[in-house]
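Novice: Please see the structure below; I have some questions.
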Amino acid sequence: MRKKVSSSGDEGNNEYKKGLWTVEEDKILMDYVKAHGKGHWNRIAKKTGLKRCGKSCRLRWMNYLSPNVKRGNFTEQEEDLIIRLHKLLGNRWSLIAKRVPGRTDNQVKNYWNTHLSKKLGIKDQKTKQSNGDIVYQINLPNPTETSEETKISNIVDNNNILGDEIQEDHQGSNYLSSLWVHEDEFELSTLTNMMDFIDGHCF
C-alpha cells in the first residue's frame, strides 16, 4: 500500500518533527553518523526512529554536530578573509565558507549580517575617501571663487557649444601638429599621411 502524499509532494510530511533539536536527538544523529558515516540522510528516520527529515538531519550535522565545525568568535584573520571573499563572490555564502576553514555557510552568513555589514558600513566611507577608488566624481565649486564668478562659469551659451562641435573636426589636424615635432623625413611623411586621413583626403 502506497503512503499518502501530501499536497506539497513530501511523503509522510506530518510524521516529521520541526523546531529545536533536543540533546537526545543530537545523540541519535551523532551515533548514526559514527556508525554509518555521512550521507543517506533520508534513511536515518527509518533506521533510528528519529522524527526528522533528511534535510533537517543533514543541516543539523553540517552546522552544529560535525567535529569539523569551528566554534567561538571569529578572528581578525577570518574577518579579513570573509571581507575579501565577499568582494569577489558576493552573497554566495556556501562558496565563501568553503574557503574559511571550520566555518559553515550559516555561520558566515549570520556573522556577516550581524557584525561585518555594519562594521563595513562605517569603513566603506573612509576607505573610499582614502584609496581614491571612486567611480563617480562630484565637481564642487572652487571655494576661492566668488558667487558671481561661479554663476558666470556655470552659464554656457548653446551657440558656443554648437560652434565648438563644428570647429572640432577642423582643428583636429592643428591639434596633432601641435603635439608632434619631427625632423626625420620618414616620420614627416607618415605624419602628413595621418593628417590627410583626418582631413578626409585619403580614401
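Note: Cβ is positioned from N, Cα and C throughout, glycine not excepted.
What Swiss-Prot shows for this protein is this:
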type	residues	note
DNA_BIND	41-65	DNA-binding region
DNA_BIND	93-116	DNA-binding region
DOMAIN	13-65	domain 'HTH myb-type 1'
DOMAIN	66-120	domain 'HTH myb-type 2'
Novice: If you average the pLDDT over the domain 'HTH myb-type 1' (13-65), what number do you get?
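Specialist: Averaged over the domain 'HTH myb-type 1' (13-65), per-residue pLDDT gives 89.
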Novice: Work out, from DSSP, the number of helix, strand and coil residues along the DNA-binding region (41-65).
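Specialist: Secondary-structure composition of the DNA-binding region (41-65): 20 helix, 0 strand, 5 coil.
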